[in-house]
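Note sheet for the following structure.
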Amino acid sequence: MGRRARDRRRQERRQERGGDGGDQAGWAGGYPEIVKENELFERYYRELGIVPAGEWSDFMAALREPLPATLRITGYRSHAREVLHCLKEKYFGELRGLEVDGQKVEMPQPLSWYPEELAWHTNLSRKILRKSPQLEKFHQFLVSETECGNISRQEAVSMIPPLLLNVDPHHKILDMCAAPGSKTAQLIEMLHADMNVPFPEGFVIANDVDNKRCYLLVHQAKRLNSPCIMVVNHDASSIPNLQIDVDGRKEVLFYDRILCDVPCSGDGTMRKNIDVWKKWTTQNSLQLHGLQLRIATRGVEQLAEGGRMVYSTCSLNPIENEAVIASLLEKSQGALELADVSSELPGLKRMPGITKWKVMLKDGQWFEEWKDVPSNRQTQIRPTMFPVKDEEKLKAMNLERCLRILPHHQNTGGFFVAVLIKKSPMPWNKRQPKVHRKLPQRTGDTEVTAANSDNGSECITEEPTLAENEESKTMQELQNSDTEQSKKEGVCGPPPSKKMKLFGFKEDPFVFLPEDDPLFLPIQKFYALDPSFPKMNLLTRTQEGKKRQLYMVSKELRNVLLNNSEKMKVINTGIKVWSRNSDGEQFGCAFRLAQEGIYTLYPFIHARIINVCIEDVKILLTQENPFLSKFSSETQKKVKDMAMGSIVLKYDPDPEKPDDLQCPIVLCGWQGKTSLRAFVPKNERLHYLRMMGVEVFKAKRKEEESESKMEEEIQHRLTQTEEGMDVKDKEHDLVMKMEAEIGEESTHSPVESSTMEVENKIEDLDQSSKNANSHVSEESKDMDTSNVKD
């Protein structure tokens, strides 16, 4: 961050001095503004009539306006309510009646159709947010809460598909095209609707074809700390059948809910992705239609009978929407039906799906039927792109049950959603897919190596795939040569075998602890774990050497991992529950608790729990290593006879004190000889402090100003150095000198000074560090989140 700031200041100084002789007007003007006009776009959608009569000018005007910022409050329900309460009472309250540059600030408003007011939209731009201290405080709150996963920046319309899935905690869910992960996060939250159930029966398998985007997906999912999420890396159109063990026999895994948010042309995102204005052409939709149909087909194949699949795109084009759904319904021969969701999400304005449309090439040429398409165009246009001509079939499809969201109706982006119910197996899957042989029993460490070999490696899987003459050339290339016999016109063949190439980084294995692993016994004894604790769900990511971290998955995901190691490329799963502590063995246990998994572990722990009051929590979160004498007398009594080592710090709200924090807090900590401390990541500390009404903004701003002042001083001194000096060496020396001048305030703090200066009564942390126990220093080396130093 410092280097970018210095580069920016250098650029500003060059411009003030006249620069390097370049065109300053060009620098000041930035990139040329994109003209929000596309004649072909207007011609195409006017002709299709997706916008009601008399609303076209409003539709186009809305597309040319910037998209409002929307946010969704995430996390477990009780914490979500506390964040909402803080947002409404504290931050929104300060915005009422506020004026910036003579204009009244528009108040954020809840999305009328989102349950429990957990989603909001605002027209406040970043420029306005920085013009007022009150707005800047609101902005800092949003940034910090987003970093720790309590608030998610998500477009309003993209929140719709997970809501229409109607997820229950026992559902097995597949998210086929999951990255970047905002919808996946919604699904995980729905699984954990009951905070008192650490291991819901359901799970989410989140897939994406892009290996790099999978890691973005992991980052999003990790913020929710769920043991019920697995991220995998496959082509959604050929994602393999998975198997699970049911009472000793292998069965194919069918999902109760599937989210099929397919790649699309994205013309519904023109308000935020303004490049679409100049790049839009009908060719984009024509090229994507085949892929979208294959992904949707693969989805319904893996859907359980009675299950629900939501198909969605951020496109308004019927070629990517109704044409895909109509083709899927026609091929299903009654196995699928569109669900009527008109009564769901009251308050959401929607348009029904259309039943008539035409196909247009990028040169503006229209075609109403497949028979009109010349042979030289039949590689671009496919029969499945046209509406069904049989009126009875068309009526039975109920395409009007699809949803199209238009931007001007509720100031959103454009979107399309269709909800499908599976009534019976797909006609080409009347016989169940072949199940692989039963895997032999494993002894010792149970290793699961995801099928993630080096680039270019292959694994053989058997998958049911729609094999018809109408499919595109790309699909034909994907299919194995021995399936040619099933490609007769109108005939659906059996599931063909296919070779699937897997790319990306090679992942570490997932190694489950064996039942008799001696590693677990000291842990079980030290924390007095309940006999019901599912120790078979513990795993590590190493085969050799000391196990440094222990992770945990749900029983159902363990089943999936053990039975699909050779056909599935797993990027990440499980939450960290214990970390090895270098000196822990002398205190009775080599592993300390990890904050990431404490809410999952807590129901099973019966020892080393200290109940603390809200004042104790504030001390724990604002001081690095506070002495026991600073805590309440009740807390001191509880820790008096407790052995040193890792502990659980639990806060329970008092219903008789409604002004206090009204959600439970569970923190990981460490008890020393004379001190007690919390091991909590910085952003999580700030979150809890805000929820308790502690002001952290002033200190954070002071810290940033101090950083900025130091940067400016360094830059000023650098400009005075001799031209022949090595600038990098000089800058390094100056940084060291400046840090020495500023003092130890910025280097010894375990958290940002924003949390240390909160109430202006935090003692010198250097003195606290001198009195800290030596074991904490060693133990801190294993911490990868809080970077605590003694």
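Numbers run from 1 along the shown chain.
From the backbone N, Cα and C atoms, a Cβ is placed for every residue, glycine too.
Per TrEMBL, the features are as follows:
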- Cys314: active site, nucleophile (ACT_SITE)
- Cys177, Ala178, Ala179, Pro180, Gly181, Ser182, Lys183, Asp208, Asp235, Asp261: S-adenosyl-L-methionine binding site (BINDING)
- 9-20: compositional bias 'Basic and acidic residues' (COMPBIAS)
- 431-440: compositional bias 'Basic residues' (COMPBIAS)
- 449-458: compositional bias 'Polar residues' (COMPBIAS)
- 748-757: compositional bias 'Polar residues' (COMPBIAS)
- 776-790: compositional bias 'Basic and acidic residues' (COMPBIAS)
- 59-423: domain 'SAM-dependent MTase RsmB/NOP-type' (DOMAIN)
- 1-30: region 'Disordered' (REGION)
- 429-494: region 'Disordered' (REGION)
- 741-790: region 'Disordered' (REGION)
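A separation of roughly 13 Å, to the nearest angstrom, links the Cα atoms of the residue listed as 'active site, nucleophile' and Cys177 (S-adenosyl-L-methionine binding site).
Site extent for S-adenosyl-L-methionine: among the recorded binding residues Cys177, Ala178, Ala179, Pro180, Gly181, Ser182, Lys183, Asp208, Asp235, Asp261, the largest C-alpha separation is 20 Å. Cβ neighbours within 10 Å of Gly181 (S-adenosyl-L-methionine binding site), excluding its own Cβ and spanning all shown chains: 28. Mean pLDDT for the domain 'SAM-dependent MTase RsmB/NOP-type' (59-423) in this predicted model: 92.
Neighbour density for Cys314 (active site, nucleophile): within 10 A of its CB lie 24 other CB atoms from the protein chains shown. The C-beta environment of Cys177 (S-adenosyl-L-methionine binding site), restricted to residues of the same chain at least 6 apart in sequence and closer than 8 Å, consists of Asn207, Asp208, Val209, Ala236, Cys260, Asp261, Val262, Pro263, Ile295. Around Asp235 (S-adenosyl-L-methionine binding site), a 10 Å sphere centred on its CB holds 18 further CB atoms from the protein chains shown.
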